[in-house]
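Features reported for this protein in Swiss-Prot:
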type	residues	note
COMPBIAS	1-17	compositional bias 'Polar residues'
TOPO_DOM	1-54	topological domain 'Cytoplasmic'
REGION	1-22	region 'Disordered'
TRANSMEM	55-75	transmembrane segment
REGION	76-101	region 'Disordered'
DISULFID	Cys108-Cys159	disulfide bond
DISULFID	Cys130-Cys195	disulfide bond
DISULFID	Cys139-Cys455	disulfide bond
ACT_SITE	Ser184	active site, nucleophile
DISULFID	Cys370-Cys451	disulfide bond
ACT_SITE	Asp450	active site, proton donor
ACT_SITE	His453	active site, proton acceptor
Amino acid sequence: MTTTGSTPPRKNRSNVTGGEGGSLEEYAWRAAGEAAAAKKATRAWGVSVSLRSHFSSLVLLLLLLLVALAVSATTKNGDPAETPHAPPLPPPASIKLPSSSSSGGGECDLFSGRWVYDEAAYPLYRESACRVMSEQSACEKYGRTDLRYQHWRWQPHGCDLPRFDAEKFLGKLRNKRLVFVGDSLNRNQWASMLCLIDTGAPELHTSINSSRSLTTFKIHEYNASVDFYWSPLLVESNSDHPLRHRVADRTVRAASINKHAAHWTNADVLVFNSYLWWQRPAMKVLWGSFDNPAAVVAAAAEEGDEYAVSKVIDSLRAYELAVRTWADWMEFHVDRARTQLFFMTMSPTHLRSDEWEDAAAAAAGGNHGCYGETEPIAAEEYRGTSGTDMAFARAVEAEARRLGERSVAVRLINVTRLSERRKDAHPSVHRRYWDPVTDEQRRNPSSYADCIHWCLPGVPDVWNQLLYAHIVS
């Protein structure tokens with residue numbers, strides 16, 4: 001039995017709390033764990049003694065104070081066996097690194113800057129030189145002749161973005177595993193990382209192996225791997241198949257992530273993203289199983305719970321539930337002393353040209369998306385409206401702050417603002433098509449232009465330079 005409820009009104013986006021206050025049964029185990037921890041702490045303090053003199057009382061009280069301090073130190077997070085670890089870095093939307101400018105001093109916000117045309121130093125590699133180039137990103141191969149999009153360098157205000165050095169990066173990655181987890185935009189970034197490594201150290205022995213949702217790029221001399229795991233909605237969903245994921249009735253199991261986590265639980269560096277696949281008014285959330293729905297339906301009917309199977313809810317609320325599940329897993333399973341966690345902010349789309357064109361041009365030409373665009377948007381203050389929903393960003397920020405309070409550091413890599421200006425850097429019509437282009441599409445190229453993903457070399461290389469700066473610096 002599937003129950004479809006009406007979509008609740010979108011909450012005030014200035015007050016997104018990342019799922020605080022939810023009453024789902026799936027999170028009952030957290031309350032039980034907290035109660036057990038409280039009970040344990042109560043037992044630790046429940047000491048009764050018989051004192052014979054004021055002097056012995058003072059000595060005993062001092063001893064109890066020392067014991068209490070020891071108990072407090074070893075029972076942080078309710079786990080006395082937990083390995084001590086350093087306090088985490090703060091997880092704001094913008095991460096600041098020491099300035100590398102000649103003026104020196106202070107810190108530099110790598111996410112605030114401008115695009116500078118630099119034909120001498122960019123791109124970081126040639127498309128034809130990358131032996132592992134993605135067919136979806138090979139814009140030059142598929143007919144794009146205006147190559148200015150390859151030569152733009154991101155210039156932060158007050159410092160320089162470190163140039164990607166493959167040998168230095170692999171030195172940090174020796175005997176380690178880096179995993180990108182997310183949707184096709186995270187795969188876009190993973191493909192960029194492979195090209196940066198492949199062209200930066202072409203003499204190395206590398207190999208690629210795929211097993212369903214997991215693809216592994218192995219650098220044998222370093223015993224290192226850079227993997228991509230397909231998980232477009234972070235939690236389990238009916239879009240998890242790496243090829244057959246275009247489904248009309250998109251459904252998520254907002255409280256279930258273990259099936260995915262099994263594939264990246266031993267990673268040393270994890271890079272997550274999830275946004276694009278949530279861009280619809282409502283989402284069906286399933287509390288049963290994709291594998292045995294009949295049994296779940298029968299159990300729900302027997303218990304008289306009409307919402308035990310599924311319910312259609314506002315997509316933002318579903319996203320908050322999913323990100324909370326992700327954060328809960330990180331809190332209780334990640335190795336704080338070993339694993340570095342990153343979350344990429346929203347990659348913007350350029351589907352509506354009227355967002356950057358003046359009114360007259362928009363009225364005369366109609367909407368053409370990114371088709372025919374060859375230059376970035378110059379205005380630093382430009383903000384797109386249709387391609388990014390900041391309420392989703394705030395949901396991630398809220399969970400990152402919550403994890404930070406629990407000594408789990410998540411660095412948010414803010415690629416949204418710098419990428420918003422690059423309307424020129426999408427594949428548009430210059431990519432491989434898995435289905436033949438129709439005559440109608442040929443008459444109106446903008447109707448099938450890809451204004452979501454990115455050409456390589458291009459914008460995702462800058463994302464990886466930002467990631468590189470955090471890992472290496």
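Here the Cβ of each residue, glycine as well, is placed from N, Cα and C on the backbone.
What Swiss-Prot annotates, mapped onto the structure for a quick look.
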residue : record                   : contacts (Cβ under 8 Å, 6+ apart)
Cys130  : disulfide bond           : Leu194, Cys195, Asp198, Thr199, Leu456
Cys139  : disulfide bond           : Glu127, Tyr149, Pro427, Ser428, His430, Arg431, Cys455, Leu456
Ser184  : active site, nucleophile : Gln136, Pro232, Leu276, His453
Cys370  : disulfide bond           : His350, Leu351, Ser353, Lys423, Asp424, His426, Ser428, Ala449, Cys451
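Distance between Cα atoms for Cys159 (disulfide bond) and Asp450 (active site, proton donor): 33 Å, as a whole number. When each of the disulfide-bonded residues Cys451, Cys455 is scored by how many other Cβ atoms sit within 10 Å of its Cβ, Cys451 comes out lowest. Cβ neighbour count for Asp450 (active site, proton donor) (all protein chains, 10 Å cutoff from its Cβ): 21. The average pLDDT computed for the topological domain 'Cytoplasmic' (1-54) is 37. Sorting the disulfide-bonded residues Cys108, Cys159, Cys195 by the number of other Cβ atoms within 10 Å puts Cys195 first. Taking the C-alpha positions, the distance from Cys108 (disulfide bond) to Asp450 (active site, proton donor) comes to 34 Å. In the three-state DSSP scheme, Ser184 (active site, nucleophile) is classed as helix. Other Cβ atoms within 10 Å of the Cβ of His453 (active site, proton acceptor) number 25 in total over all chains.
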